[in-house]
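Here is what Swiss-Prot says about this protein:
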- Lys4: N6,N6,N6-trimethyllysine (MOD_RES)
- Asn113, Thr163, Lys167, Arg285, His317, Ser369: substrate binding site (BINDING)
- Lys165: active site, proton acceptor (ACT_SITE)
- Lys191: N6-carboxylysine (MOD_RES)
- Lys191, Asp193, Glu194: Mg(2+) binding site (BINDING)
- His284: active site, proton acceptor (ACT_SITE)
- Lys324: site 'Transition state stabilizer' (SITE)
Amino acid sequence: VGFKAGVKDYKLTYYTPEYVTKDTDILAAFRVTPQPGVPPEEAGAAVAAESSTGTWTTVWTDGLTSLDRYKGRCYNIEPVAGEENQYICYVAYPLDLFEEGSVTNMFTSIVGNVFGFKALRALRLEDLRIPPAYSKTFQGPPHGIQVERDKLNKYGRPLLGCTIKPKLGLSAKNYGRAVYECLRGGLDFTKDDENVNSQPFMRWRDRFLFCAEAIFKSQAETGEIKGHYLNATAGTCEEMIKRAVFARELGVPIVMHDYLTGGFTANTSLAHYCRDNGLLLHIHRAMHAVIDRQKNHGMHFRVLAKALRMSGGDHIHAGTVVGKLEGERDITLGFVDLLRDDFIEKDRSRGIYFTQDWVSLPGVLPVASGGIHVWHMPALTEIFGDDSVLQFGGGTLGHPWGNAPGAVANRVALEACVQARNEGRDLAREGNEIIREASKWSAELAAACEVWKEIKFQFEAMDTL
């Protein structure tokens, strides 16, 4: 006789504390703030339902499928210590709910409608466990850390970069000049600012040509392999690929994409093109703070970082811990490890809610940039280790003698820190001393040390556990 119509509590179907998670499930940890009067079990079940098979009322067509096979399940709830009316709700999703190789589809399900749900005051996705059965459907980064080092022939140290400033307003020729001076001075990379696409004062093709000239000239003069992150981000996917094709024709080693504003579909297409054509891919995270900065609502950056590793990128910006942009040390190192390592153990003290096994998916180099200068070099070398890119925009171009001496100062400081570390010295304790010693034989470094000796950006970090 018909079916039982009407509205029933989500928790009757979607709260299943007895459920044992499967190795193939995608697991999510949500920070849930229910509306007053909504019990946490109902809130957690509502999240599981609305991000999987559920809707607000029982529907006749439920009888045509097996909910037990396809529904998301809230399988554990724990109160957040020190916060009133906040809970971590763990949800397991069966693998079949997601299209293979599509970050777009994964996010449409897990963080789609549910974030506007009335029964919740706020909702934040803190972490995702991506099972190998799903991650294996992605290509991942075009090349990964080891292949990049082999392409660049640079080992045993972090790589050095610089974002060209002023970010907007330079002509293509003057822009190329700044690129040449930085690379000639000793940097490995220079970078298009994320805002630089193809504006009236500098069209993309002109910039690509002048930057390519700067790369080849500096390579010939230094004997080192150089690169400039040519931003291929554009208004359409077709235009983006057209720019990447032109970069490949010029013979440059690396292009760049703004993955959140550009979108995961565009990013994954570009990553596939880059692997097929031997281009490295630098990823900028413009817009991330819109999504990840609020503690109780949105998505933590570690989720965006995991999504990028699946979608594909060889570098991604990841905060500095010491400069002008967000970053709490343990939490930052938590998602840095999620980007670089194959296997990362669950560690709540670093914000890692699940053990993550990437199997053989290539790693991503974290990029530290934003308000950093030569005095930060020992701390950065110690915190990020060799597999990282340290990017000094103002910290290169703000040098009192100009761009090339700014690059020299950064390279000398980095080499001094790496040598000191290799000799067994403690960078955290002796950092300032190491920089002072090096500045005695490098006038460029001495001048940089003088300019930035007092600069600190001290605010409370927002990103706490």
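Yeah, the Cβs are placed from backbone N, Cα and C, and that goes for glycine too.
The model shown is predicted, which means the values in this text are computed figures rather than measured ones.
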Count of other CB atoms lying within 10 Å of the CB belonging to His284 (active site, proton acceptor): 28
When distances run from the Cα of Asn113 (substrate binding site) to each of the recorded positions Lys165, Lys191, Asp193, Glu194, His284, the nearest one: His284
Fewest other C-beta atoms within 10 angstroms, as judged across Lys4, Lys165, Lys167, Lys191, which are the recorded positions: Lys4
Integer Å distance between the CA atoms belonging to Glu194 (Mg(2+) binding site) and the residue listed as 'N6,N6,N6-trimethyllysine': 54
Among Asp193, Glu194, the one of these binding-site residues whose Cβ has the fewest neighbouring Cβ atoms within 10 Å: Asp193
Residues Asn113, Thr163, Lys167, Arg285, His317, Ser369 [recorded substrate binders]: greatest CA to CA distance in Å: 37
Euclidean distance between Cα atoms of Lys191 (N6-carboxylysine) and Lys167 (substrate binding site), Å: 10
Integer Cα-Cα distance in angstrom, His317 (substrate binding site) to Lys191 (N6-carboxylysine): 12
His284 (active site, proton acceptor) and Glu194 (Mg(2+) binding site), distance between Cα atoms, whole Å: 7
Close recorded positions near His284 (active site, proton acceptor), where close means Cα within 10 Å, chosen from Thr163, Lys165, Asp193: Asp193
Other CB atoms within 10 A, centred on Arg285 (substrate binding site): 23
Structural state of Asn113 (substrate binding site), classified by DSSP into three states: helix
Residue pair Ser369 (substrate binding site), the residue listed as 'N6-carboxylysine' - Cα distance, angstrom, rounded: 11
Same chain, 6+ residues apart, C-beta under 8 Å of the C-beta of Thr163 (substrate binding site), given in sequence order: Thr190, Lys191, Asp192, Asp193, Ser369, Gln391, Gly393
